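Annotated features, as they stand in Swiss-Prot:
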| type | residues | note |
| --- | --- | --- |
| TOPO_DOM | 1-13 | topological domain 'Periplasmic' |
| TOPO_DOM | 35-38 | topological domain 'Cytoplasmic' |
| TOPO_DOM | 60-69 | topological domain 'Periplasmic' |
| TOPO_DOM | 136-154 | topological domain 'Cytoplasmic' |
| TOPO_DOM | 176-212 | topological domain 'Periplasmic' |
| TOPO_DOM | 234-251 | topological domain 'Cytoplasmic' |
| TOPO_DOM | 273-283 | topological domain 'Periplasmic' |
| TOPO_DOM | 305-342 | topological domain 'Cytoplasmic' |
| TRANSMEM | 14-34 | transmembrane segment |
| TRANSMEM | 39-59 | transmembrane segment |
| TRANSMEM | 70-90 | transmembrane segment |
| TRANSMEM | 93-113 | transmembrane segment |
| TRANSMEM | 115-135 | transmembrane segment |
| TRANSMEM | 155-175 | transmembrane segment |
| TRANSMEM | 213-233 | transmembrane segment |
| TRANSMEM | 252-272 | transmembrane segment |
| TRANSMEM | 284-304 | transmembrane segment |
Amino acid sequence: MLKFIQNNREITALLAVVLLFVLPGFLDRQYLSVQTLTMVYSSAQILILLAMGATLVMLTRNIDVSVGSITGMCAVLLGMLLNAGYSLPVACVATLLLGLLAGFFNGALVAWLKIPAIVATLGTLGLYRGIMLLWTGGKWIEGLPAELKQLSAPLLLGISAIGWLTIILVAFMAWLLAKTAFGRSFYATGDNLQGARQLGVRTEAIRIVAFSLNGCMAALAGIVFASQIGFILNQTGTGLEMKAIAACVLGGISLLGGSGAIIGAVLGAWFLTQIDSVLVLLRIPAWWNDFIAGLVLLAVLVFDGRLRCALERNLRRQKYARFMTPPPSVKPASSGKKREAA
């Protein structure tokens with residue numbers, strides 16, 4: 001049973017999402033509707049994109065805590081370009097390139113300069129946030145064109161164009177990681193760095209690609225944020241990095257690298273977003289959101305740690321079972337045979 005749970009974390013995450021959707025329905029039947037699902041998905045798109053990028057980094061046994069700042073910086077660039085008169089396609093491409101460049105810089109610090117990922121990205125977290133504030137002067141960016149907001153308008157089945165793009169990206173990345181040699185290189189790099197090198201995997205390049213794509217996903221999340229809100233705050237993206245990591249852990253992405261799936265991270269992002277909608281239904285103040293999400297994350301981390309320890313004990317017991325088998329007992333001679341011998 002323990003091995004099944006460890007090997008099928010996506011199923012347990014899906015069950016958690018289903019339960020969190022069904023149980024509030026007993027309080028309000030209107031909650032159980034397609035409209036609720038589309039609303040939750042619309043709210044979850046930013047976190048889903050960030051969780052997909054974070055998955056790539058975590059699979060290589062690294063972590064990136066700067067994605068919130070990258071999201072904010074890229075959203076600011078998008079707003080500045082649009083207000084300067086550039087077309088939406090040009091502004092979006094420039095925004096994605098900035099995210100890619102920011103992620104590449106993070107990857108170069110980790111792969112080439114051998115700086116620990118948590119230290120490197122803590123530094124760039126402040127760097128990118130500072131660039132964002134320098135560009136805006138600490139002010140909001142408003143007056144964004146209506147065509148940007150159309151990206152988040154319902155298009156088909158209540159889902160926006162950018163929502164369908166997110167679904168396509170999820171499917172593509174799930175296929176890439178599961179079915180291609182390039183995708184398996186991420187797992188190999190995180191599972192055994194030296195072994196991957198001996199197999200010919202270019203581990204430095206893989207880590208740089210992981211960070212670069214993570215930055216690109218953060219930039220896309222910035223575009224989604226701007227299109228949904230319609231303006232850009234001077235604190236856009238603050239705290240999103242922790243939620244992205246939490247979504248990955250909830251979905252079964254190992255902090256030790258080398259295991260997990262994109263689908264699990266997506267379900268984790270959905271679960272965290274759905275918590276917010278349930279709290280609204282229960283009329284619980286919004287400042288409880290982070291507290292409850294933190295409790296859920298701690299519970300999952302404790303469960304994950306206990307599960308890993310239990311599996312290791314079982315594997316150790318199976319490995320040394322033949323050395324621990326007691327010797328066959330020798331039956332004592334019967335009293336009759338003893339008398340004859342006498």
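Glycine residues also receive a Cβ, built from the backbone N, Cα and C atoms like all the rest.
Only pairs six or more apart in sequence are counted, and the transmembrane segment (115-135) with the transmembrane segment (70-90) gives three or more Cβ pairs under 8 Å, enough to call it a contact. The listed stretches are 14-34, 39-59, 70-90, 155-175, 284-304; of these, 39-59 has the most Cβ pairs under 8 Å to the transmembrane segment (252-272).
For the transmembrane segment (155-175), same-chain residues at least 6 beyond its ends with a Cβ under 8 Å from one of its own Cβ atoms are 34-35, 38, 41-42, 45, 48-49, 52, 223-224, 227, 261-263, 266. Recorded stretches compared: 39-59, 70-90, 93-113, 284-304; the one with the most Cβ pairs under 8 Å to the transmembrane segment (213-233) is 93-113. Sequence-remote contacts of a segment are chain residues at least 6 beyond its ends whose Cβ falls under 8 Å from one of its Cβ atoms, and for the topological domain 'Cytoplasmic' (35-38) they are 21, 154, 157-159, 277. Outside the transmembrane segment (284-304), and at least 6 residues removed from its termini, the chain residues within Cβ reach (under 8 Å) are 239, 243, 246, 249-250, 271-272, 275-276.
Sequence-distant contacts of the transmembrane segment (70-90), counting only residues of its own chain at least 6 positions beyond either end whose CB sits under 8 Å from a CB of the stretch, comprise 46, 50, 96, 98-99, 102-103, 128-129, 131-132, 135-136, 141, 143-145, 147-148, 215, 218-219, 221-223, 225-226, 231-232, 235-238, 240. Within its own chain, the topological domain 'Periplasmic' (176-212) is flanked in space by residues 56-62, 64, 100, 103-104, 106-108, 110-112, 254, 256-259, 261-262, which lie at least six positions past its ends and keep a Cβ under 8 Å from the stretch. The predicted model assigns the topological domain 'Cytoplasmic' (136-154) a mean pLDDT of 87. Note on the topological domain 'Periplasmic' (273-283): residues 17, 20-21, 24, 27-28, 31, 36, 39-40, 43-44, 47, 289, 292-293, 296 of its chain, located 6 or more positions outside it, place their CB under 8 angstroms from a CB of the stretch.
Residues 50, 53-54, 102-103, 106, 110, 117-118, 121-122, 124-129, 132, 186, 189-190, 193, 203, 206-207, 210-211, 214-215, 217-218, 221, 237-242, 244-245, 255-258 of the same chain, all 6+ positions outside the topological domain 'Periplasmic' (60-69), place their C-beta atoms under 8 angstroms from a C-beta of that stretch. The topological domain 'Periplasmic' (273-283): residue composition by secondary structure is 9 helix, 0 strand, 2 coil, according to DSSP.
Helix first, then strand, then coil: DSSP counts for the topological domain 'Cytoplasmic' (234-251) stand at 11 helix, 0 strand, 7 coil. Secondary structure of the topological domain 'Periplasmic' (176-212) per DSSP (helix as H, G, I; strand as E, B; remaining residues coil): 31 helix, 0 strand, 6 coil.
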